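These come from TrEMBL:
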- 1-24: signal peptide (SIGNAL)
- 4-215: domain 'GH16' (DOMAIN)
- E101: active site, nucleophile (ACT_SITE)
- E105: active site, proton donor (ACT_SITE)
- N109: N-linked glycosylation site (CARBOHYD)
Amino acid sequence: MASSTSMLLFVPFLLISSVMVASAGNFNQDFQVTWGDGRANILNDGQLLTLSLDKASGSGFESKNEYLFGKIDMQLKLVAGNSAGTVTAYYLKSEGSTWDEIDFEFLGNLSGNPYTLHTNVFSQGKGNREQQFHLWFDPTADFHTYSILWNPQRIVFSVDGTPIREFKNQESKGVPFPKSQAMRIHSSLWNADDWATMGGRVKTDWNAAPFTASYRNFNAEACIWASGSSSCGSSSAPASTTGDWLSQELDTASYEKLSWVQKNYMIYNYCTDANRFPQGLPVECSTS
């Protein structure tokens, strides 16, 4: 994915209080196909989008809007059957060499084996914050909602409303946090059989192509960035217009759900991988 000059968009948190709500979206209005030579299709009057992958190419799309904080929901139905080697990526990303990024990636597998849900957070071009999960349902049998809550205090990844990961703003401890670069929503379906399934040992079965992932029910409650300003107003805006998501945090019940997921379905956590960090685990791991 090509990058252009980094766009640093410094917006004081105190100025954000009025929030534009982008209601249930229409793919024709909200997104554009970016690659795939006909393998990405918007159907049903903009209510459904499909990506496909064959041996020649995958496909992808991106949002027309850029966002600086928001709560983003998308329903996905993943590639069914033998999806080994395929990756369905759904993420927020800014431009430039010191980009920010918030990732959901779904790593395919052999029929009957679970998908791996891979998450990561990049800030100022640095990632290496992977957590991976299995899911408690078959993500290929029906649509499920994958959400990113991104506000000045935290990033929360959720599946069907259940939080699976929280990345807090710990800038006070020297941990960079994505807060000043607007990001677009991106998604792609592509071949990564050099690493995606069992470290690349299981390759894509092209006899099963084309592989297809489907999207519906996009919704964004977000600050839209355009022409150098945010759709979110000043501190003088009425309190009734403030979006709850902008200051949302996890309550006790949400932390219990998060703990349940991480205890039962987390399969990798960079914060416990001492071999990977012989000089010591990252700062945020000891202060989360």
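Just so it is clear, glycine is given a Cβ too, placed from its N, Cα and C backbone atoms.
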> Mean pLDDT, the domain 'GH16' (4-215)?
Replying inline: 91
>> Can you tell me how many other Cβ atoms are located within 10 Å of the Cβ belonging to the residue listed as 'N-linked glycosylation site'?
In response: 20
> If you skip the near sequence neighbours and keep only those at least six away, which residues in the chain come within under 8 angstroms of the residue listed as 'active site, proton donor', Cβ to Cβ?
Replying inline: V87, T88, A89, Y90, Y91, L117, H118, T119, N120
